[in-house]
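Inspection log for the structure reproduced underneath, given as structure tokens.
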Amino acid sequence: MAAAPAGVGRLEEEALRRKERLKALREKTGRKDREDGEPQTKQLREEGEEVGKHRGLRLRNYVPEDEDLKRRRVPQAKPVAVEEKVKEQLEAAKPEPVIEEVDLANLAPRKPDWDLKRDVAKKLEKLEKRTQRAIAELIRERLKGQEDSLASAVDATTGQEACDSD
């Protein structure tokens, strides 16, 4: 039997040590509770009860028979008209129809090599300019060659006419 009180004493000592550690933690974190260790929520509840004692009795759903209580009765609350607010919110929530022009090039399926053509297009522009210049130069050379042959043909025909007139 002597062991039982010693075990209880040890448990009480451990409980006191835990309380001290918790108190030290509360002080460290800045929480301030009552010294008797009651939690803060209990303190707030007790303070609320004190304030509640000083408030007047309000009767909302109870129809009293006593004249004194009838004076304390709260009138029926009228519901607030929310139809206008709801209509405004519904109108604000309606999405405005967005009409965009549809680009058929974006909708049509593309050929498998479209990206290659896009990449090569810049290089082809440079080559196209060179090609046009080369074609123009070839045409000029032919015209010069034809002018020379035309001039010789004209000279030849004039020479024959001169011979014929002799």
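Using N, Cα and C of the backbone, Cβ positions are placed for all residues, glycine too.
For reference, Swiss-Prot has these:
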type: MOD_RES; residues: Met1; note: N-acetylmethionine
type: COILED; residues: 8-28; note: coiled coil
type: REGION; residues: 21-55; note: region 'Disordered'
type: COMPBIAS; residues: 21-53; note: compositional bias 'Basic and acidic residues'
type: MOD_RES; residues: Lys53; note: N6-acetyllysine
type: CROSSLNK; residues: Lys94; note: SUMO2 cross-link
type: COILED; residues: 115-144; note: coiled coil
type: REGION; residues: 146-166; note: region 'Disordered'
type: MOD_RES; residues: Ser149; note: phosphoserine
type: MOD_RES; residues: Ser165; note: phosphoserine
Can you name the far-off residues of the same chain, 6+ from the ends of the coiled coil (115-144), with a Cβ under 8 Å from a Cβ of it? none
Reported mean pLDDT - the coiled coil (8-28): 92
Between Lys94 (SUMO2 cross-link) and Ser149 (phosphoserine): CA-CA distance (Å): 82
